[in-house]
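Right, one structure below, let's go through it.
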Amino acid sequence: MSSHATPIPMTSSACGPLSGVAEVPGDKSISHRSLILGAMCVGETTISGLLEGDDVLDTARAMRAFGAEVTDLGGGNWSVHGVGVGGFAEPEGVIDCGNSGTGVRLIMGAMATSPITATFTGDASLNGRPMARVTDPLALFGTQAVGRKGGRLPMTIVGAAEPVPVRYVVPVPSAQVKSAVLLAGLNAPGKTVVIEAEATRDHTERMLSGFGAEITVEDTDEGRVITLTGQPELQAQHVDVPRDPSSAAFPVCAALIVPGSDVLVPGIGLNPTRAGLFTTLREMGADLIYENERTEGGEPVADLRAKFSPDMKGIEVPPARAASMIDEYPVLSVVASFAQGQTMMRGVKELRIKESDRIDAMAKGLRANGVEVDEGPDWWAVTGLGHGNVPGGATCASQLDHRIAMSFMILGMAANAPVSVDDGAPITTSFPIFEPLMARLGANVARVTA
Ligand code: S3P
């Protein structure tokens, strides 16, 4: 679990051209959902390509605590013998979700309509994040929650013994909230309806349908209306987890800013609810090509080829695109530092309540490395210095946030002086092979030993 990891200071310095093939790990969102949905089926679900990062391993442990048999078969292959919808057992101990907001929020939803009680905790980052966004809609099913001030973990959830179905308009653009309500709706009789004004990642809807639930999605004037019929018998499946576009973002962005680079990142899902970064980079003038476009498991997939792009321009990122690239703004801000002119990012207040306040974490670190950043409550703007002009040279606080740590490591690859982070340990939550993968491409990322 990441909760007690010892800090790992890291540094990244200029390197020659990055080249080769970057096979990034499985998608974090789909990995969590495969374990949770597998645990809610009767029978054996098999999973290949599971992301074996700390966040997902914490979810695997949690599913065992709720009674599922979860087995690591080696090589990214896992087996889950589930307990069926409504079959969760009461865990004996506290459920520690480490650093993972997705893990804790989805699991709270999944257990919320069973007559059991569970207590959740996490690391310092997760214990500071708001949970009322999930416990408020869960209360409509009849679920009770008692946490610390401000709806923070540690928190005890008392599942509804006689849940009722709900109709809920999600007030913030959040796939975690939407998914928690849908997973709770699985064990409520009748139809649970979730409405989102802005489309967020739709893995839960797609996977629920794949596991045999009756679920419909309609685009209306109110937004996306998702209707789930409760108490289905989910069908155990094989899930082949695609590679994570949010992890692909790091080698792609590194290749765009390191002179002479040419990197292929194969098999990346381009589900429109996840691919906003790549569209944005192309609008900035990135040499980023989709090769071998195909459909796999009903999802658009391509091999991404990214080449050094010295002439990128700052742009205004459309706020309507925010949900489809919400995890990629930190690394986008690094690329924006090497572009010409300003990159303006609006409609992104959700960034302030991720694993860290990501606007604050990136703004402080970029400024320390010589890049001008302006910010407001729900926007920020990076003034690009152009290729070859980013000073670097500073140590940045990663604030227990994997994506902040990796973003600054990417900055160091093309800045004029090395860039360091105080703690790269959180990288293992989502991208445990980040260091060897970047090293194989030719990057100089090193752990700093005292
Ligand atoms: C996720 C949803 C997003 C994202 C997170 C993964 C998911 O969070 O930031 O990394 O798997 O549902 P929000 O729902 O809070 O936007």
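Our numbering is plain: 1 for the first residue shown, then up by one each step along the chain.
Including glycine, each Cβ sits where the backbone N, Cα and C put it.
Listed by TrEMBL as binding 3-phosphoshikimate are LYS28, SER29, ARG33, SER174, GLN176, LYS354; the candidate from ASP58, ASP327, ASP378 that the record includes in that site is ASP327. Taken in sequence order, the binding-site residues ARG33, ARG129, ARG358, ARG403 that lie near ligand 1, meaning a CB under 6 Å from one of its atoms, form an empty set. In the shown protein chains, 26 other C-beta atoms lie within 10 A of the C-beta of SER29 (3-phosphoshikimate binding site). The CA atom of ARG33 (3-phosphoshikimate binding site) is located 13 Å away from the CA atom of GLY101 (phosphoenolpyruvate binding site). A simple way to gauge crowding: the CB of ASP327 (3-phosphoshikimate binding site) has 24 other CB atoms within 10 angstroms, across all the protein chains here.
Taking each Cβ in turn and tallying the other Cβ atoms within 10 Å, the top scorer among the binding-site residues ARG33, ARG358, ARG403 is ARG403. In this view, LYS28 (3-phosphoshikimate binding site) is surrounded by 26 other Cβ atoms within 10 Å of its Cβ, with every protein chain counted.
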